[in-house]
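J.: Mind looking over this structure? Questions follow.
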Amino acid sequence: MAVEMFYDDDADLSIIQGRKVAVIGYGSQGHAHSLSLRDSGVDVRIGLKEGSKSRAKAEEQGLTVGTPAEVSEWADVIMVLAPDTAQASIFTNDIEPNLKDGDALFFGHGLNIHFELIKAPEFVTVGMVAPKGPGHLVRRQFVDGKGVPALIAIDQDPKGEGQALALSYAKAIGGARAGVIKTTFKEETETDLFGEQAVLCGGTEELVKTGFEVMVEAGYAPEMAYFEVLHELKLIVDLMYEGGIARMNYSVSDTAEFGGYLSGPRVIDAGTKERMKAILADIQSGEFTRRLVANVENGNTELEGLRKANAEHPIEVTGKKLRDLMSWVDRPITETA
């Protein structure tokens, strides 16, 4: 099914310019949205809790900062860009008591609305504007006069103005320059979670670790295994990112291409596909979200345990040693502190 696309000429910037926008959070997306909204002539304020390390940064960049409650009371469009696991409590404690008839509540990801962790009053417009790129790229493209494609969705539209408002917001952060895709909260949430879990984060991570283990257990040096299954992954992903799988296969050697065709289906087979379907079913049913919420309610104990086990994998020890040799690699804070 073809998606519905919108561009700059389909969006009226004056709509969002006539509103007061509160952006809750000042992380990767928060700073990109806020600065680009401001540069597009929108009256914007940032909502951050007292003591947040981001307050000084936002103020240094010329933005007005208040608590989430203060800016929610002031605004008539509230964009929630805090972490997923913090949004429900922020909504209950700071946003909901300050909602007024005609307000719009926007999100950068649909999880809390789709799985009803947040239930907005019926008089509030509920929508989503979600650039398909990290915040630094969204901001850089905006400054360069370009844009990152964005998604919009409307979940609740009591005034019949939701789509026009979302398109106006998307235009203000540069999304309509590249193209805006209309979707739903359900589609965005479930596809995003599946991609993260089955392929981008969970699937790729386990594939890399297992490949490393197979090579080391067969007697190869950990350093050689690291280079072959992790370090060179970026080269392949960059080719796929630039021109799809066909571009990657065109660019690698015939030996690599032929071997990939033969061995890839032996690694990712029909059984893998069935397990992926089971992951998708857990997402669709809300089982994953229930487990996510339970983890937060239990003080992140499950997540911390998983993090610890992952950090202790031998590939991490080998990787840190090899990255010390790579002057061109940006080192993470955890390795440079």
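Even glycines carry a Cβ here, placed using N, Cα and C.
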J.: Which of GLY127, GLY133, GLY135, GLY145 does Swiss-Prot put in the same NADP(+) site as TYR26, GLY27, SER28, GLN29, LYS49, SER52, SER54, ASP84, THR85, ALA86, GLN87?
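T.: Matched candidate out of GLY127, GLY133, GLY135, GLY145, per Swiss-Prot for NADP(+) with TYR26, GLY27, SER28, GLN29, LYS49, SER52, SER54, ASP84, THR85, ALA86, GLN87: GLY135.
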J.: Just name the winner among TYR26, LYS49, ASP192, GLU196 (the binding-site residues) by count of other CB atoms within 10 A of its CB.
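T.: The residue with the densest Cβ neighbourhood is TYR26.
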J.: Going by DSSP assignments with H, G and I as helix and E and B as strand, what are the residue counts for the domain 'KARI C-terminal knotted' (184-329)?
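T.: Reading the DSSP string over the domain 'KARI C-terminal knotted' (184-329) gives 123 helix, 0 strand, 23 coil.
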J.: Measure from the CA atom of SER253 (substrate binding site) to the CA atom of GLU232 (Mg(2+) 2 binding site) and give the result in Å, rounded to a whole number.
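T.: A Cα-Cα distance of 14 Å.
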J.: I want to check the contact list for THR85 (NADP(+) binding site): same chain, sequence separation of six or more, C-beta distance under 8 angstroms. What comes out?
T.: LEU292, VAL293, VAL296
J.: Measure from the Cα of LYS49 (NADP(+) binding site) to the Cα of every one of the recorded positions HIS109, ASP192, GLU196, then give the nearest.
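T.: Nearest candidate: HIS109.
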